[in-house]
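Positions annotated as active site, proton donor by TrEMBL: Glu358. The active site feature in TrEMBL is assigned to His389, Lys498.
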Amino acid sequence: MTQRLRCDETPAWTALQAHYEQVGRHFDVRADFEHNPDRFAQFSQQAPHVFADLSKNRIDAQAEALLLQLAEQCGLVEHRDAMFAGGCINSTEHRAVMHYLLRNQAVAATSQEAAAPVLRGAVADAAMPEVNATLRAMLAFAEAVRADEQITDIVNIGIGGSDLGPQMAVVALQAYAIPGKRFHFVSNVDGDELGEVLTQIRPHSTLFLVASKTFTTRETMTNAHSARQWFLDQAGPGADLGRHFAALTTNLEAAQAFGIRTTFGFRDWVGGRYSMWSAIGLPLAIAIGEAGFRALLGGAHAMDQHFLTAPLAKNLPVRLGLLDVWYRNFHGFSSRSVAPYHHGLRRLPAYLQQLEMESNGKRVDVHGRALSYSTSPVVWGEPGTNGQHAFFQMIHQGTDIVPVEFIAVREPAHDMPGHHAQLVANALAQAQALLQGRSDAGGHRHFPGNRPSSFFVMERMEPVTLGALIALYEHRVFVSGSIWGINSFDQWGVELGKQLAQDIQPRLATGDVHGLDPSTAGLLRQFRPRF
Ligand SMILES: O=P(O)(O)OC[C@H]1O[C@H](O)[C@H](O)[C@@H](O)[C@@H]1O
């Protein structure tokens, strides 16, 4: 990787610091709305399937111009283009990052059209035949499962990226899910989770999907082995494991060694948290069918094209990623709350926690040098209107500023009179209240206002819009990670705990506390009589 200027060494960074001191620190969005009649138009835009209003944020044209200079001076475009050219940008794992190839399909493409990739180039041309062949095989399998009335329950066993994406999407697209089939997601090694699912299913009507990129993740392997044992015990003699288990993995040999003959693969250039577009999306494909899954890919692809081709000043992932940098590094905001005003998006905050914090929660740059500036904010949230009755108090009147991201759709999937208007009114009102505040009352009733928020609007929650929304988030995370000069595609921070768990587990049986710190030793003794 060529040496680039670190973001805090660029002239734009220094200029942003000065602009923050002179203007940003005291910038009042309400005053700017009064002086600038174009503010809404300037800070809102239509991207593929997602309209975004960023005008309630603490940003002015000068800050955005300087952020765009920062992007230029940090080599954002070169980095983006390196990713889309198949460059080895995941340098610590020596891998390319090419999940976008999995959705290299035009919206509403038929299976024939889909065989012709939209993004061209040597890397895409080489990879697409296998990508399309796997997609076709996986979608054919999904259609067969959909048509198989004997199979009523699909149990996905996977964790992290092998759970959060497909689960979030199956929940979000419930209105499009095939009737008569239930979808279960088992991720936790806590036996309560698998145990609860096993009480609801029968072996002959269940399909287990063992989803693991590596096929070595201990939680997933423990759950998969327990599920297999349960299946063999319950199904009795003649149990056909092969018909009731499939694997979604890059490690096909390990899956076969487990006894699974139906396997769908993908390549190591698909990161776990970027894998819902791959074979890991099989539960979703079963739920929404081939046409739905292709529409999801098409929506994501439309966002890829936007990210690749729109000028940076009108490039929504770029604007959002730069806003994140502005807030994190200049305003010092340490968290962002996501508030989907859509019941179907209730797993989105959990999904985004992994996407953003596992990608950008890094303290060294791509060369391993310690950073002197902050990276990933904490991302958290709950669906509206529930959050309003819980933690919005803090967002309106607390001592910290928490930018909020509202997400709403124009068309609901239900036809319950009055509900949708009330839901949307609440989302609009919350954003308005955060901005306006309330100064006609003092003390406890005073709302300071000028509290920032963004607002995303989509036509309805459907495969194509969900695909675009998730790709938007992926690229936004890429943008801020790229400015920070970190590797957004590794996750070494999850390793140490895994290793120590392997050391501790046998100690629970033996009681050996040798070499442990006093706290861990004391806690281990608390559990000792149980093992
Ligand atoms: O899909 P798997 O190989 O089982 O990995 C599952 C998850 O576990 C890892 O520890 C990482 O933190 C995640 O990025 C990954 O998605």
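Using the three backbone atoms N, Cα and C, a Cβ is placed for every residue, glycine included.
Here Glu358 (active site, proton donor) is positioned 29 angstrom away from His389 (active site), judged by their C-alpha atoms. Around the Cβ of the residue listed as 'active site, proton donor', the same chain contributes Gly160, Arg273, Gln491, Gly493, Val494, each under 8 angstroms and 6 or more positions distant in sequence. Around His389 (active site), a 10 Å sphere centred on its CB holds 10 further CB atoms from the protein chains shown. All protein chains considered, the CB of Lys498 (active site) has 11 other CB atoms within 10 Å.
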